[in-house]
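A quick write-up on the structure given underneath.
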Ligand SMILES: Nc1ncnc2c1ncn2[C@@H]1O[C@H](COP(=O)(O)OP(=O)(O)OP(=O)(O)O)[C@@H](O)[C@H]1O
Ligand SMILES: [Mg+2]
């Protein structure tokens, strides 16, 4: 006889509670506890590899090549983000908003991995085999080696995995899987966590690479328990950046650099790599408008130009708005405070709105100089010189600090036809020695930048 055990699970963090309460004691979220009951099975699952014992070995004696070589898909924008290719035995997550192109990207990648001679299995709980076939026809990918399983029952899936032993498994999506051991509905915290836990054990025990596709919630995080992100080796997000652009970023990677991003363009034939993204961005910049400055971003291994837009407007509110999209709001607030202190500006009667065009998000402090320039440009209603670009970090003392990668930023700016590069004065001589031909304007303090903006035109 099976016995039903009642419990309450927090939808936000996955913490289990024996009793309901209005607030999760683990993460502090209100109204996040939902009742879920588990059928405690005395027999447990019959899948043999789940019971296999792992041996203890000395780290020095372990053959690192046992992980195997990374599988390079040849899609450079993806390979770079994931850290050089898919690692056998890795367990990861690809998230994205509905319709952004997750299934498209994954089908294209699977065809590439299959062409390396790997056994690939695409498990879909969302679409029928016919729909997948139709997409594959449209993308014109080699379909001969891609195996498809339309199933959402976890026990059935585990059975298939045990029999077929594929080397690369994609589950589209983790929110559709359900185990008969839990009466909870697919997509619930329990189902997502249990399904992921078993698929992870398959990946680690059999050395197969497993990639889960996950839906994102309104606040932009993967739907399901927060623990899901802790379980996986990497978390990739596919996002839209100005139609038809798509951006792939990693927010967690146990085997790779987090700052790399991949850029694609959605086409009727699927996602095409953007080998020269700056060319596309340059066409979209609003040159000659007050309140816009171009920032030379260098977070991964390449420079990308981004349009920083700032709007400074009058307000009657006692607490003026400080809003930022694409940049941390706190950072904007700090910059406003530093400008008020060191420039003697009074922005207490002004709302300040910042937007990083195209849906980009930047964590790099090098953006500061572009933000300040755009803010001053909007405040003074003076456009900045066309084809000019900025990079430099603002210190609380009102001075600009040197940031890494200035040489790379300068050479890409030169290649893309920019004519002026505003950067911290201290880096100027070094860059001149390196043969940068672009006109460089050294800016040490907020005062100097203010004068530059005021003198424009
Ligand atoms: N014929 C077409 N021509 C151009 N683009 C298309 C075409 N068909 C689909 N697309 C693009 O593909 C996107 C859907 O891709 P896909 O189904 O891979 O997204 P998804 O992220 O898997 O969505 P879901 O969350 O619904 O599973 C559409 O939003 C559209 O941009
Ligand atoms: Mg899909």
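Even glycines carry a Cβ here, placed using N, Cα and C.
When Cβ atoms from all protein chains are considered, those within 10 Å of residue 103 (ATP binding site) total 22, not counting its own. What TrEMBL records for 96, 97, 98, 99, 100, 101, 102, 103 is ATP binding site.
Among the features that TrEMBL reports, domain 'RecA family profile 1' is placed at 67-216. Residues in the domain 'RecA family profile 1' (67-216) partition by DSSP class (helix H, G, I; strand E, B; coil) as 64 helix, 33 strand, 53 coil.
The feature region 'Lon-protease-like' is assigned by TrEMBL to 351-457.
Positions annotated as motif 'RadA KNRFG motif' by TrEMBL: 252-256. Proximity of distant same-chain residues to the motif 'RadA KNRFG motif' (252-256), defined by a Cβ-Cβ separation under 8 Å and at least 6 residues beyond the stretch ends, is recorded for 81-84, 87, 90, 229, 232-235.
The ATP site, placed at the center of the C-beta atoms of 96, 97, 98, 99, 100, 101, 102, 103, has further neighbours from the same chain whose C-beta lies within 8 angstroms: 238. Close contacts with ligand 2, defined as a Cβ under 6 Å from any of its atoms, occur at 102, 103 among the binding-site residues 97, 100, 102, 103.
Here residue 101 (ATP binding site) comes close to 238, 246, 264, 266, 270, 271: these same-chain residues lie at least six apart in sequence, with C-beta atoms under 8 angstroms from its C-beta.
Taking the region 'Lon-protease-like' (351-457) as a whole, pLDDT averages 93 in the prediction. In this structure, the binding-site residues under consideration are 96, 98, 99, and the one with the smallest number of other Cβ atoms within 10 Å of its Cβ is 98. Proximity of residue 100 (ATP binding site) to non-local residues of its own chain (separation of 6 or more, Cβ distance below 8 Å) is seen for 238, 239, 240, 246, given in sequence order.
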